[in-house]
């Protein structure tokens with residue numbers, strides 16, 4: 001039988017994008033390493049604004065089907081914009097751009113070290129990253145088996161509002177707290193409201209999570225103390241004491257952006273959660289807790305120090321989790337492709 005040879009290089013005919021894909025505790029991250037033009041702007045927020053206004057077609061191309069999916073997440077590496085940083089990053093998802101992403105930081109550090117983009121010897125290395133939420137200090141190190149692990153100290157995180165309630169259309173009265181951990185989240189006790197945080201209840205979690213987000217957005221004004229661009233509610237996080245790992249403190253299910261479900265416990269989400277717990281006197285400084293996810297992934301988070309940020313009293317969270325590279329991809333834009341902007345199905 002005659003064999004067929006497929007020419008692998010199409011880049012001379014089509015515009016291409018190269019990515020390295022990874023996941024942290026089950027949540028995907030698509031690291032874009034080539035294909036974008038120069039990202040203009042002197043600050044990371046200016047760069048995000050430039051991408052939003054001029055290059056959003058590329059986000060849709062790489063996040064949406066048929067190249068991505070409704071729950072895809074991306075990281076676009078930029079040059080550093082502060083003297084301390086090694087590089088900058090913009091985070092992408094199905095709806096737009098986030099201010100910070102904990103699982104993304106952990107996966108990005110793993111990718112940068114495992115591909116030797118950052119040299120990691122035998123000693124732990126500090127890596128500083130410009131994000132829209134602020135400067136992130138990550139640490140890469142080798143464990144006792146020589147495997148690369150990562151953790152990061154997040155931006156100032158705080159309890160923004162406690163013991164609030166809102167009437168949610170089609171569901172009823174919901175009690176919630178609001179915390180900031182690089183993004184704002186509404187936290188809802190799923191057990192109190194009779195909502196299962198299991199994988200078999202994803203449809204209800206998405207539906208109610210979106211309803212809660214919209215209800216809170218309509219009734220509660222968020223004002224970030226420094227950056228207006230960060231003054232928005234990113235998602236709803238359901239918390240539950242019903243865990244599968246006996247060492248876990250609780251379970252998180254985060255519904256964010258346009259109904260995305262985080263497979264991980266959510267790095268910024270566990271950061272804001274530990275700030276809420278500290279504000280309520282339910283956790284002490286430097287006391288790590290494990291939070292598990294809807295797919296039984298887990299992150300370890302602690303309040304490493306108290307902090308004060310422009311009048312907001314909070315903590316500096318430290319977060320760790322496991323990340324793994326899953327593939328390297330070269331995506332093309334056929335100029336005749338009728339779905340260059342992609343699409344989303346649920």
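Placement of Cβ uses the backbone N, Cα and C atoms for every residue, glycine included.
Here's what Swiss-Prot has on this protein:
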type	residues	note
ACT_SITE	101	active site, proton acceptor
BINDING	102, 103, 262, 267, 268	substrate binding site
Simplified to three states, DSSP reports residue 262 (substrate binding site) as coil
Apart from the site residues 102, 103, 262, 267, 268, the 8 Å Cβ neighbourhood of the substrate centroid comprises 24, 27, 101, 104, 105, 254, 264, 265, 266, 269, 270, 271, 299, 319
Rounded Cα distance, in Å, between residue 268 (substrate binding site) and the residue listed as 'active site, proton acceptor' is 6
Students should find that the Cα atoms of the residue listed as 'active site, proton acceptor' and residue 267 (substrate binding site) sit apart, in Å rounded to an integer, by 6
Residue 268 (substrate binding site) has its Cβ surrounded, within 10 angstroms, by a count of other Cβ atoms equal to 35
Residues near residue 103 (substrate binding site) by Cβ (under 8 Å) yet at least 6 apart in sequence within the same chain, in sequence order, are 24, 25, 27, 29, 73, 262, 264, 266, 267, 321, 323
